Amino acid sequence: MNQETKALFQTLTQLPGAPGNEHQVRAFMKQELAKYADDIVQDRLGSVFGVRRGAEDAPRIMVAGHMDEVGFMVTSITDNGLLRFQTLGGWWSQVLLAQRVEIQTDNGPVPGVISSIPPHLLTDAQRNRPMDIKNMMIDIGADDKEDAIKIGIRPGQQIVPVCPFTTMANEKKILSKAWDNRYGCGLSIELLKELHGKELPNTLYAGATVQEEVGLRGAQTASHMIKPDLFFALDASPANDMSGDKNEFGQLGKGFLLRILDRTTVMHRGMREFVLDMAETHDIPYQYFVSGGGTDAGKVHISNSGVPSAVIGICSRYIHTNATIIHIDDYAAAKEMLIKLVTACDKQTVDAIKENM
């Protein structure tokens, strides 16, 4: 990963963008996509795409990451100035206590920490039972409710995790918040950049959706706007290699993920064979992936009259927490694969994929 790409991801991952609050990510994406696109389109939920126009009868290829990251929303302020909150996206209670967060206010970001009880004050029963998220609060250092309001806190504000973008001792691994799914946002930008000035056999829509983490909502509206012939979702999925078991799905550094099954999608046969053939032909490392989660492909593939879809992913350790790790070789494989796939999608190829059900 070159320094320019690394800088792109440092900016993307550090921007705040909980579901329904993707505006800062969207503004940056529009700025970057506009450098390489013929024009920019946006739906009324906020999903945004750079468009490379092909011939009038050319197939429409949709490529999308999602802008939102798992986060929280302020729901109320207690009399002593602590904040009650609601999760946005899937969080496990055991990864939350004592984690740093930022509340995005009109006065700028306000630092806070999810409150925890020191072990000295816990009863035996409390020690052995995980705390429910509904009982957690965020401490911003306010003296009381009035002080919190003075600081700028209001119900409805977004809260995001805090984790600096950090190249690790093994420089092929990078630690940050929000790899799920600023990976897909950055790859959409880099796709248009790599194809800038090159003739395409299709009309390409590359960008990112909103509100994926709360039900794939942006994918549904974006697919109705674009009406694609094929869809490539770009998403980060959970690595499961921490135990050292090489048979588990999701191994860092072993190539891009080909998601063949999850709870929202059974991969289209024609797309599966198309991706596998291209990966084998060009010797691009890949790994099969089965997931209990879902991606934007879950909504897009059942939109309109049906859209053959594939997920070109990478795995990330510890997703849906403050601190997540990716391997840059996996990103390189995903990028190479996506470029090969998109440039191969002429009308004849797309028609053949559609017929291979």
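Numbering starts at 1 and runs along the chain as displayed.
Each Cβ is built from the backbone N, Cα and C atoms, and glycine gets one as well.
What Swiss-Prot records for the divalent metal cation 1 site is His66, Asp235, and among Asp124, Asp132, Asp180 the residue it adds there is Asp180. Together with Asp180, His320, Swiss-Prot lists one candidate of Glu146, Glu199, Glu213, Glu355 for binding divalent metal cation 2, that being Glu213. Taking the centroid of the Cβ atoms of Asp180, Glu213, His320 as the divalent metal cation 2 site, the other same-chain residues with Cβ within 8 Å of it are Glu69, Val70, Gly89, Gly90, Asn181, Ile319. Spatial neighbours are here defined as Cα atoms within 10 angstroms of one another, and by that definition the neighbours of His66 (divalent metal cation 1 binding site) among the recorded positions Glu212, Glu213, His320 are Glu212, Glu213. Under a cutoff of 8 A between CB atoms, and with a sequence separation of 6+ in the same chain, the neighbours of His320 (divalent metal cation 2 binding site) are Val70, Gly89, Gly90, Trp91, Trp92, Val95, Asp180, Pro238. Close to the recorded divalent metal cation 1 site, the chain also has Gly65, Asn181, Tyr183, Gly184, Glu212, Glu213, Leu234, Ala236, Thr295, Asp296: residues not among His66, Asp180, Asp235 whose Cβ is within 8 Å of the site's Cβ mean position.
A straight line from the CA of Asp235 (divalent metal cation 1 binding site) to the CA of Glu213 (divalent metal cation 2 binding site) spans 11 Å. On its own chain, Glu213 (divalent metal cation 2 binding site) has Pro19, His66, Asp68, Glu69, Val70, Leu88, Gly89, Gly90 as residues at least 6 apart in sequence with a Cβ closer than 8 Å to its own Cβ. Here the Cβ of Glu212 (active site, proton acceptor) has 31 other Cβ atoms within 10 Å, regardless of which shown protein chain they belong to.
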